[in-house]
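**Student:** According to TrEMBL, the active site, nucleophile annotation covers B:THR42. If you look up TrEMBL, you'll see B:237-269 marked as domain 'Proteasome beta subunit C-terminal'.
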Amino acid sequence: MEKHFTDSKVKGVSTGTTILAAIFDGGVVIGSDSRASIGGEYVSSKTINKVIQVHDQIFCCMAGSLADAQAVTKTAKFHLSFHSVQMEGPPLVVAAASVLRELCYKNKEELQAGFITAGWDRKKGPQVYVVSLGGMLISQPVTIGGSGSTYIYGYVDAKYKPNMTREECQQFATNALALAMGRDNVSGGVVHLVVITEKGAEHVVVPGDKLPRFNDE
Amino acid sequence: MALSNVLETPAAGFNFDNAARNAALEGLFDGGQTPKPLKTGTTIAGLVFKDGVVLGADTRATSSEVVADKMCAKIHYISPNIYCCGAGTAADTKKTTEILSSNLTIFSMNSGRNPRVVMAVNILQDMLYRYHGQIGASLILGGVDCTGSHLYTVEPYGDVDKVPYLALGSGDLAALGILEDGFKHDLELEEAKELVRASIHAGIMSDLGSGNNIDICVITKQGVDYIRPYQESEYKDERKMKYKYRPGTTAVLTEKVVPLKLEVVQETVQRMETA
């Protein structure tokens, strides 16, 4: 392992990633790439799952150190499950985001993980929350994260419209992730999308060869 | 919770005390260079085939440039249906897998159920994450349980990935090349064994830290076939001299017997309740 490790800011396996979430009319799309890397040189997994289900209709995307992110989402899953037993009902999306925020803020010295939480609940419908590295929590209609996000801020700002249809939003998310994966070396693999609506959650995978191409020939 | 873990797990939440202590210790050594633990160069590999899981490993343990053990066992027993290959710091892989194995055995006895591979993975992930990367154990865990055949990798920082095939260790790049080229889903047993053997062989040829023999472990629903060694190195050496000497080789010149006088100082009787 020593020979793979260079001056990367993240120790061990990093998700070095592109993640995004966007609200459409009636639901929310959350998605990510599938590459895990070590030291910015070695791809340790081409098929890592970064979209984790923390409750029936609440999903999280992770960025940063893979070990820290997996540990935090495991803890969050447990807390949410316990919370929903106590409340005798499904948790709110903001509750899931708050659990992650508490963990990230209280342990900010040791942890290196950021999250995008998206889901649907009865009180406020579809929502997207961002929990950054230091533990800031904000709500946004569309958000991107990870190292590959820098390459698509322009695209997202220009192309996102509120109240898109489900198909438009899915296409928007696929395009954005494909563009980021095309420019960022530590993002790649396949595109994992989860579409969450009142009815439930649906997982869509777009393999590498089916991704939209932009001036790639 | 009481069923699964014999060791006391610390209070809920993250506990980074050990990481803080280590950081403080680093400052005490000259130039911050803490003593380096022994690492074995290694090639380990595993893959999921039609009826189960095949794990493979080389058998060389090195201490700098000297081969310390030519027949080191790197495939560790976890439970009757789960085995684990370990790369990284020798002591860490051995101890971590031993702790996991004893925890799972006690769990089996208490609950009356066979352990599942995913449970072993969760225990490992929790333990390695708690030590924040200080335990240098890169593990490939494979097994067959009531939910099917599974192969997982657990890295020192505590991240986990479920994979159909993988190679780890200092010889991993060479081994992974062979695996990437030859792997298909639902291979037959002989093909799977041959693919793992070829990948470990590639690791042995291309990496100085890996060598000697190849061990293979096949786990299926029917049971475990631990073949040690599966393939022996062509460079094996036969010992030419005998090191056993027959009695009388060394001449006895004198003999003196001194009887020891023992005195009974105290006698106690303790009744054992066997009713």
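Glycine residues also receive a Cβ, built from the backbone N, Cα and C atoms like all the rest.
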**Student:** Can you break down the domain 'Proteasome beta subunit C-terminal' (B:237-269) into helix, strand and coil residue counts using DSSP?
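**Tutor:** Output for the domain 'Proteasome beta subunit C-terminal' (B:237-269) reads 0 helix, 0 strand, 33 coil.
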**Student:** Look up the residue listed as 'active site, nucleophile' in the DSSP assignment and report helix, strand or coil.
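**Tutor:** Coil, per DSSP.
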**Student:** On the 0 to 100 pLDDT scale, where does the domain 'Proteasome beta subunit C-terminal' (B:237-269) sit on average?
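**Tutor:** Per the prediction, mean pLDDT sits at 87 for the domain 'Proteasome beta subunit C-terminal' (B:237-269).
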**Student:** Check each residue in the chain of B:THR42 (active site, nucleophile) that is at least six apart in sequence and keep those whose C-beta is under 8 Å from its C-beta; list them in sequence order.
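**Tutor:** Correct list: B:ALA57, B:ASP58, B:ARG60, B:LYS74, B:GLY86, B:ALA87, B:GLY88, B:LEU168, B:GLY169, B:SER170, B:GLY171, B:GLY209, B:SER210.
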